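Summarising the annotation, TrEMBL assigns region 'Disordered' to 213-249. The compositional bias 'Low complexity' feature in TrEMBL is assigned to 220-231. TrEMBL lists 232-249 with the feature compositional bias 'Polar residues'. Residues annotated as transmembrane segment in TrEMBL: 393-416, 436-460, 481-502, 517-538, 605-623, 635-653, 665-683, 712-732. Residues or ranges marked as domain 'EXS' by TrEMBL: 601-795.
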Amino acid sequence: MKFGKALKREMVPEWTEAYIDYRGLKRILQEVLQHKNEEQPSTTSRARISLHRAFSGLNQQPKHVHRKSDIEDQVINVNMYQQDGSRRLYNTEFLGQSEDGGDIEAKFFKKLDEELNKVNTFYEDKVKEMVNEASLLNKQMDALVALRIKVEEPNVDVNSSRISSTGVAMSPLRTCEMENENGIEMGDTWLTDDCTNSQSGSECIELNIGKDAGSDVGEESASSPEAGEVGTTTGFPQEGGNTENSSENPLKILDHVKINNTMDSPLSTIKRVFKDSKEEDLCFKKEELKKVEERLWVVFIEFYQKLRLLKHYSYMNLAAFSKIMKKYDKITSRRAAESYMKIVDNSYLGSSDEVTHLLDKVEGTFIKHFSNADRRKGMKSLRPKVKKEKHNITFSSGFFSGCSIALLVAVILRIQARKLLGQDGGASYMVNIFPLYSLFAYIVLHMLMYAAVTYFWTRYRINYPFIFGFKQGTELGHREVFLLSNGLAVLALACFLANLHLDIHSRVSNYKTVNELIPLTLVTVVLAILLCPFDIIYRSSRFFFLRCLVRCIYAPLYKVRLPDFFLADNLTSQVQAIRCVELYICYYGLGEYSTRQNKCHSHSAYNVFYFVVAVVPFWLRFLQCLRRLLEDRDAIHGYNALKYFLTIVAVLVRTAFELKKGRTWMVLALVSSAVAIIMTTYWDIVQDWGLLQRNSKNPFLRDKLIISHKSIYFAAMVLDGLLRIAWLQLVLEFNLQGLHKVVVSMLIACLEIVRRGIWNFFRLENEHLNNIGKYRAFKSVPLPFNYYDPDTDKDD
C-alpha cells in the first residue's frame, strides 16, 4: 500500500489538519517532475549522452563525483530561529533557486518548512498538556494512597509518622510490603529510590509520573511554570506560602482535598440542588475508596490512550518527512534528504522522549496500584485488543438475511392470500394482531438504518466510537448490527408466519389461545436476550444501550451526554413502537387475547396513556434541554426546548383528532403540525447538521464537508423536509389504494425511521467536524479529588 493511503488510514481523525500535508507536498513534487520531463532532451539524445558518459575517461570520474558532492552538500541551508523566546521555527533557504525550475523546488521547501513548524508546534503543545496532566495525576495519586491508608487504619496517628530525609513517611503503614484487603500494595507514591528491594524483586513503583518528564526539554522548560512543576515531590501544590509541605505529613493531604461531585447519578443531582457545592467532604469509607479507585482507573486508561495517540502522531509524521524527502531526492537527483532529516530529528518532534517516559511511568503505576501487580491484567486494560473482523459474522449475516427475505416473501404471500391488507378483509386480525408484530418491524428497520449509517461513518472516517464514548474494541460495526437486525427479523417473521398458519386452519381451533400468546412469547425472548447478564450476544453494547436508556428516563437528574440525547432523539421517531408496547400491556393485561376483542380504547385509562406515550420521548428531550440550559447557560438549549414543546403540542392535538375526529380538531392538528414541521426541519438542517451557513465557501452548505458530492447534502435537506411532511397523512387521511388504516400508519412510521437514519449520519458528521476544529480527540474524564486551601475558604 502506498504511504499516502497508509498515512490517511492511520491518522487520528480529529487531528487530520495537524498532520503533515503529505498530498500537498506530493503535488508540488509532481510539478517538479513535470518540469524535469519537459526540460529533458529527446530519447536519442539521452542515449548518446549516456553512452558518452559511460565510455569517458576514468581519470575524470573521481573529480566529477567530488565536485558534484560539493554542490549537493550545499543544496539547502536550514535556519532556525525562536519565536516568543522559546518556540523553535525553521526556515530553509534553497540555494538552487536561480536554476531553471528552481522556483518550484523553493516552493517545495517553503511548504515543507510550514508543515514542519505546524507539526512541531502542535506536538510541543500537546506534550506540555500531557506533562501538566501528569502533574495533576501525581496529586490525585498522593490523595488516593493517603485515603487508602486512612480507610484501612482509621485510628492511625498522623502526627506520629516519622519522616525520612527524603521526605517520605516512615510509618509502618508506608512500607513497601504492606497490602490492603484487595492485595494492592501500599507502596510510596512519591519518586524515591530508597524503597527498592532488588533482592526480593519487589519495588515501589515511581508514582510521581511527571517528575522526570521535563528533564529532556532543557533547563528552561523544566523550570518554567508551564511545566506544571512536575518535579516536585509534594502532593499538595504550594500556593500563597501558607500551606505546609505535605511530605512532612503524608496524611495531611486529606485535610486539603474533597471529592468532586460529578452529578453522575440522580442522588448526587438532588444533593447538588440542596447544597450549593461541587465538592463533598471525605467520609473515609470503603465505598468511597472504591468509587475513587474506579474513577482514577478510568482516568489513567484515558491518559494512557492520549499518550499512545501522541506517540503514534510523532512516528507517522517523522515517517512522512522521511518519505517525502526520499521522493524529492529521487526526482531531482539531489541529496538534500540527509541534511534536512537531521533538522527534523533534532526538532522537538524527533528528539523529545517525554511521551515515552510518561508511558513507562503510567504502565508501572497502573500495574502496581490498579492491577494488583499483575502486568498481563494491567496491560490488557491499558492496551485492549484491536477489534478484528470475523468471517463467521459475515457468513451468519448472509445466512440470516437470506432467511429473512424468504420468510418475508412467505408472509406477504400469506397475507395476500387472506386479503388482510384491505379495508374489509381481516379487519379483526389487522386491528388486534398486526400491530403486535409491527413493533418488531420498527425495531428491525431502525437497526438496519443504523447498520447502514455505521457503514458510512466508517467509510468517511467519522470517529463514532469516540463520539459515543464506546469502550475501545467493544463498539459494534455495521456487520455486527446487520447480523443482529437480521437475526431479530428471522425470529419475528418466523413467529408471524406461524401465527398466520395456525390462525387459518380450523383443525387447530382448539389452540387459538396458544396461538395468541406467540407475540407475547416473542417479546419475552427478546427482553430476556437484552437483559441477559452473561457475556454473550455483545453484552457490553447491550448494557451501554440500557444505561443510556435509564439516563434518558431520568433525564433531568443526569448530566446530559451526547449518547443520551442522541438516543432520546431516536426515540422520538419510535412513537408508534411505544404505542405498540402499550397495546401489549392492554391486550394481554386485560385478557382480551383469548377472545381477540380489542376494547382498549373503551377504557379511559388506556386513552389517557395513549396521549402520554406519544409525548414521552419529546418530553424527555425537553427535560434534557432544560438541564443543559441550566448548566451551560446557553440560550440555544432554550430554543431547542421550545422546539420540543411545540412538537408536544402538535402530537397531543393530532392524537386528540385521531380519537375524537371533527373539523375543529383537524384544523388545529394541521396548524400545530405545520408549525412543528417548519421549526424542526429548520433545526435539523441549520443547528443539527450545520448547513445553510452564511458566507460559506460552499454556498448554502458549510465550509467543511466530508462527502465530496455536494448534491448529496441538498438531497438530504429536501428529503428531510418531505419525510416530515409525510406525517400530515395521519391528519388528512388520504385513501391509499384501499389500504387498511393500520398499514398506512405503519408505512408513515417506517418513513420517519428512514428519515431518522439520514439525520443520524449528518448529525454525527457535524459533531465530528466540530471535534476536528477543536482538535478534540480525547474524552474529558473528571478527576475524583479536588484540592483546596481551607484558610482561603474560611476567609471567603
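Cβ from N, Cα, C; glycine included.
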Determine whether the transmembrane segment (481-502) and the transmembrane segment (605-623) share at least three Cβ pairs under 8 Å, counting only pairs 6 or more apart in sequence.
no
Could you tell me what the rest of the chain brings near the transmembrane segment (436-460), counting residues at least six beyond its ends with Cβ under 8 Å?
476-479, 481-482, 484-485, 488-489, 492, 495-496, 499, 519, 522-523, 526, 570, 573-574, 576-577, 580-581, 583-584, 587, 706-707, 742, 746, 749-750, 753-754, 756-757, 760-761, 764-765
Below 8 angstroms Cβ to Cβ, which residues of this chain, lying six or more residues outside the transmembrane segment (393-416), approach it?
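Beyond its ends, the transmembrane segment (393-416) has Cβ neighbours at 479-480, 482-483, 486-487, 489-490, 493-494, 496-497, 500-501.
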Quick test of the contact rule: Cβ under 8 Å, at least six residues beyond the ends. What residues does that give for the transmembrane segment (517-538)?
433, 436-437, 439-440, 474, 476, 480, 484, 488, 491-492, 495, 498-499, 545-546, 584, 588, 593
